[in-house]
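**Q** Sharing a structure here in structure tokens format.
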Amino acid sequence: MTARIAGLYVITDARWPRPVALETAVAAALRGGARVVQYRDKSEDAGRRQREAAGIAAQCRAAGACFIVNDDVELARAVDADGVHMGRDDGDVAAIRAALGPERLVGVSCYGDLDRARAAVEAGADYLAFGSVHPSPTKPEAAVVPLSVFAAAREFTDRPLVAIGGINADNIAAVTAAGADAVAVVDAVSGAADIEAATADLIVRGFGPAS
Ligand SMILES: Cc1ncc(COP(=O)(O)OP(=O)(O)O)c(N)n1
Ligand SMILES: Cc1ncsc1CCOP(=O)(O)O
Ligand SMILES: [Mg+2]
């Protein structure tokens, strides 16, 4: 399962107009080659969240991509997502691991904190995310952490390492060269005029041409 966390990891953004265009945008990202999609929606409209997450889950299933729900274990279970992504305000990693069982992935934000990363591995995290690795247009308040964090984390874990924050076509190659297995983006895809082309371009620049 953890092998599925690799390549371009696209995170949905509220700027995608709702509801039809969100699906259209996810379809374009999947055609462009996104291997992981995360539903990230901070609203409290439970009905719309459920509908949108279920729709994206079906799209990812059809495309063979991995589908992750941000923050919300119950929603992940309800739509049969492949996993959840949890940050420092989203609950205890061991408790989430126990609640979800071994079949679903638990991704954990580690920011630039290697002690948190070690503890997350101990608690059963399936992948570790580090960032912002550059100033993020989506989350400008996020602290920037050095790319050396990937080599440092690789010293103690073979879990997939995900980079996030301010990653775009100009800097993605340096991020993967530093050791990130997957690269998570919001703006570089959702802000693009042509989502399919932007996705494909990021993949070639970051991971090389498809073999
Ligand atoms: C892949 C990935 N990495 C990091 C985050 C950030 O999680 P968190 O710190 O909980 O912040 P929010 O996204 O919930 O605002 C993420 N969502 N995905
Ligand atoms: C959710 C999150 N956590 C750290 S940066 C970030 C947002 C990443 O978005 P972008 O790719 O637009 O910088
Ligand atoms: Mg969170």
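Including glycine, each Cβ sits where the backbone N, Cα and C put it.
What you are looking at is a predicted structure, and each value in this text was computed from that prediction instead of being measured.
Below are the features I grabbed from TrEMBL:
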type	residues	note
BINDING	Q38, Y39, R40, D41, K42, N70, S109, K139	4-amino-2-methyl-5-(diphosphooxymethyl)pyrimidine binding site
BINDING	D71, D90	Mg(2+) binding site
DOMAIN	8-189	domain 'Thiamine phosphate synthase/TenI'
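In terms of burial and nearby residues, how do these features look in this structure?
**A** The DSSP secondary structure for N70 (4-amino-2-methyl-5-(diphosphooxymethyl)pyrimidine binding site) is strand. The C-beta environment of N70 (4-amino-2-methyl-5-(diphosphooxymethyl)pyrimidine binding site), restricted to residues of the same chain at least 6 apart in sequence and closer than 8 Å, consists of I11, Q38, Y39, R40, D41, V84, H85.
Sequence-distant contacts (6 or more apart, same chain, Cβ under 8 Å) of D71 (Mg(2+) binding site) comprise R40, V84, H85, M86, G87, D90.
In the predicted model, the domain 'Thiamine phosphate synthase/TenI' (8-189) has a mean pLDDT of 96.
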**Q** Just how spread out is the 4-amino-2-methyl-5-(diphosphooxymethyl)pyrimidine site if you go by the largest Cα to Cα distance in Å among Q38, Y39, R40, D41, K42, N70, S109, K139?
**A** 17
**Q** List those of the binding-site residues Y39, D41, K42 whose Cβ lies under 6 Å from any atom of ligand 1, in sequence order, or write none if there are none.
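**A** The qualifying binding-site residues: none of them.
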**Q** With respect to ligand 2, which members of the binding-site residues Q38, R40, N70, D71 satisfy a Cβ distance under 6 angstroms to one of its atoms?
**A** none
**Q** Highest CB neighbour count within 10 A among the binding-site residues D41, D90?
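**A** Of D41, D90, the one with the most crowded Cβ is D41.
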**Q** Would you count the other C-beta atoms found within 10 angstroms of the C-beta of K42 (4-amino-2-methyl-5-(diphosphooxymethyl)pyrimidine binding site) for me?
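**A** Its Cβ shell of radius 10 Å holds 8 other Cβ atoms.
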